[in-house]
Amino acid sequence: MKANGLDNDPARTRMERTDIDSEHPEAQPLLNNNHRTLGAGSANGPAVNEGRDIESDGFIKDSLFQIRKGYRIFIHNSKWILNILILINTIWLVTTLISDFFFNINILFGFSNRYASFNDLTLIFISIIANSFNLWFNKLGLYSALDYSLNVTLCVLTLFNLALTYLIKYTRQRIGFVGTFTYLWTSFSFFIGAILDWYLLFYNNSINEPLEERRIDDANISTFNENHTNSTENRDRSQYGSGSPTPTHRSQLVQNKHTLTEWVSIGFRNTIKFLILIFFALFTLNTLLTTLDTYRLTHKLPITVQSPSYEAFHYVDAAKTYQLHITCYGDVFDQENNTDLSENKKQPIILFEHGGYDTGYLSATWIEELYHLDKIQRYCLYDRPGYGLSDSPPAPISIAMVAESLRYALIKDAKIKGPFTTVGYDLGGLFTRVFTAKNVDIVDSMMLVESWHEELLLKNYIQRLLPPGRGDGDDGDDGNGNDGDGRNHDKTWLPSEIERHNEFRLWWKGIWSSLGWRLQTSWLLAHHGSKERIYGRDMKYQGRFLRSKFLESVTSSILSYRDVTNNAESLQNVKTSIVSSKEMVKKSALWGDWQRDLTKISHKTQEWKIVEGGHEIYKYGLGKQQTQEVLLRLIGELGKLTED
């Protein structure tokens with residue numbers, strides 16, 4: 001009985017089982033109660049809820065699976081969208097390039113941008129860069145808070161530039177649908193980048209959140225286990241092994257660690273975005289300055305009072321393609337006295353055509369002086385398309401197209417009927433010849449001042465213009481300024497109006513004109529005013545002007561040269577006077593020959609006067625006075641000048 005009682009003793013049975021378990025470690029449970037238990041129910045520590053722990057691991061795995069599945073779908077869809085956007089951008093870039101600089105495709109769809117410059121092309125190119133970067137760096141490991149901030153800033157800056165453009169009436173009426181959409185599209189590209197960054201941040205946090213919660217639990221357990229003996233820790237280490245990193249390590253790796261390749265990619269992307277930010281900062285300052293200058297010169301326009309001055313914008317055709325800026329002084333609308341007695345007959349309206357790198361604001365000062373001296377009764381100036389305040393023309397453009405546009409703007413839109421005495425200076429001499437030839441019915445006489453010869457429109461005119469010399473010039477041909485043709489290739493004496501800038505150089509200047517740094521220095525350092533920047537000495541830095549010069553250069557040897565030669569016969573019965581610079585004739589015999597040829601375009605040439613001074617005769621006192629006398633003799637008013 002005793003033996004049986006001993007055998008059935010529960011305490012003894014537990015002791016024996018304990019001895020067996022100690023002798024057979026493989027039979028021990030996977031979780032050691034005195035190490036991983038939580039709660040107050042255990043002698044060695046709180047008891048562990050094994051079901052909850054297993055359920056938590058399963059939940060984390062399922063959650064991460066769903067998140068990563070959504071992330072893969074997001075990456076797949078975003079790649080498709082960005083590739084489509086880049087394709088649209090590329091097609092739009094090519095279309096804009098062709099439409100703005102070679103052939104106006106937009107007119108087929110009824111669109112127009114009368115404020116066209118190089119800005120649209122630059123913005124589209126930047127949007128391509130932005131979308132390409134969104135595509136290449138749209139990865140979880142490449143998320144950067146700085147990139148998100150840059151995208152938001154660039155998006156806001158682009159919209160701010162558009163707001164500045166719409167702030168004043170002049171630019172608001174001219175930018176059109178295409179120009180507006182360009183700004184919105186560029187802003188949308190940066191907005192897409194910000195959205196993608198936001199999604200990357202979302203997936204980053206979604207992946208880290210369950211891992212972070214598990215990390216907190218593991219941290220609490222680790223804190224409790226630090227109170228255990230070293231022998232228990234060694235036994236647990238031998239029992240579980242080293243294994244893979246804990247969720248804590250994985251979370252820290254996702255949150256704080258990047259590979260070297262990722263750091264290089266992030267740095268490259270943020271550097272390019274920062275350079276774009278600098279570009280947009282300068283672009284915004286340029287837009288702000290141009291907006292201020294344009295407002296100062298246009299907020300009182302149109303001035304429709306017929307006397308003593310008139311200034312307004314007039315369309316060039318019935319389709320209202322674009323407008324020319326026309327300014328007149330005197331009573332240019334009075335045609336009633338044309339049939340009166342000779343003593344009461346009105347003088348013809350002096351219609352001045354400015355040069356290639358100026359407007360009437362600079363080169364017509366000698367005519368303005370005659371008006372203030374009451375030697376001429378009335379005169380008109382206009383800015384050619386893309387110059388000054390006139391609208392940007394559609395491509396292509398030629399001399400005949402401008403002449404036809406001017407006729408419509410003057411006669412049909414402005415109701416200024418003439419008659420006119422046309423005066424052309426520099427490149428404007430060619431425009432004057434074509435306009436006069438096409439409008440002999442309303443032109444009384446023509447005067448050419450330092451006018452271009454049509455041969456200057458050809459590509460190789462510089463070599464023929466340069467005088468023979470001893471090789472003291474240098475254009476990089478042989479070190480002595482010669483090119484094997486016996487001519488001196490020193491071009492430094494050529495005026496900027498004559499020395500043609502090739503298309504690539506004009507294009508390069510046009511791209512950089514979007515920054516406007518030369519315009520900024522014009523008021524910061526040179527203290528020039530708004531008139532100087534819009535149609536004065538600094539006009540040559542304006543993007544719209546450079547685009548017009550590019551259009552003129554592209555068609556000069558094709559369309560414009562043919563326009564001048566085809567209309568030459570119509571000038572044979574037009575009363576004409578020629579004024580040439582003495583310095584230019586001395587420096588180039590060919591220039592003198594060309595000026596002589598101009599005297600032969602009409603059978604009624606009144607005189608050929610070689611005046612003192614250089615090409616810009618309005619800057620030389622004696623040369624200016626001599627030119628004024630030629631004009632007064634041409635219109636029969638020299639007596640007024642001699643009497644005074």
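Glycine is treated like the rest: Cβ placed from N, Cα and C.
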Per Swiss-Prot, Leu82 shares membrane side with Trp452: no
Helix, strand and coil totals (DSSP H, G, I; E, B; other) for the topological domain 'Cytoplasmic' (144-147): 3 helix, 0 strand, 1 coil
Close approaches to the transmembrane segment (91-111) from elsewhere in its chain (Cβ under 8 angstroms; 6 or more beyond its ends): 120-121, 124-125, 128, 176-178, 182, 185, 321, 394-396, 547, 550-551, 554
Stretch-averaged pLDDT - the domain 'AB hydrolase-1' (348-619): 87
